[in-house]
Amino acid sequence: MAGPSSSWSRALVQISPYTFAAVGIAIAIGVSVLGAAWGIYITGSSLIGAAIKAPRITSKNLISVIFCEAVAIYGVIVAIILQTKLESVPASQIYAPESLRAGYAIFASGIIVGFANLVCGLCVGIIGSSCALSDAQNSSLFVKILVIEIFGSALGLFGVIVGIIMSAQASWPSKGA
């Protein structure tokens, strides 16, 4: 390989594809849980504040917190799927192009799912906060805003779908090669 020893292209082919795969799996679950926690924080604080004015909203607005929690579950599911994509490869095949492609595919899948779920958690949290505050003022707005929140939670599912499609590219070299 030509070029300086500190070039990015050299680093990308000398880091183990298993490391890339492990980092992708960690990002999928870690960033998804961060998105869920952030969404729950945003929704929960507004829900508790609005419940001071209208205690009746507490139980029905917990659905917003459940939508936020679903974001973390999406990350866990994808992390399990990505973990099953890992295969043992002979030492001579670790840096083969097929191994690198598999590691990068799992890494990319984890990045996509993690950050899609981070944004989804924020989206659902903000809408859930608005739902709680609006419901405290006018109970007829609850269902209308809940429909918007469902559309917001679909963002996380889109990330999961794209992540699964990306992870389908992960095929490790056969042991007989």
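Using N, Cα and C of the backbone, Cβ positions are placed for all residues, glycine too.
All TrEMBL annotations are machine predictions without curation.
Taken straight from TrEMBL:
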DOMAIN    24-82  domain 'V-ATPase proteolipid subunit C-like'
DOMAIN    107-166  domain 'V-ATPase proteolipid subunit C-like'
TRANSMEM  20-41  transmembrane segment
TRANSMEM  62-82  transmembrane segment
TRANSMEM  102-129  transmembrane segment
TRANSMEM  141-166  transmembrane segment
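For the domain 'V-ATPase proteolipid subunit C-like' (107-166), the DSSP counts in helix, strand and coil order read 59 helix, 0 strand, 1 coil. Residue counts for the domain 'V-ATPase proteolipid subunit C-like' (24-82) under DSSP, helix first, then strand, then coil, are 55 helix, 0 strand, 4 coil. Outside the transmembrane segment (62-82) by six or more residues, the chain places 21, 24-25, 28-33, 35-37, 39-40, 43-44, 47, 106, 109-110, 113-114, 117, 120-121, 124-125, 127-129, 131-132, 146, 149-150, 152-153, 156-157, 159-160, 163-164, 167 with a CB less than 8 A from a CB of the stretch.
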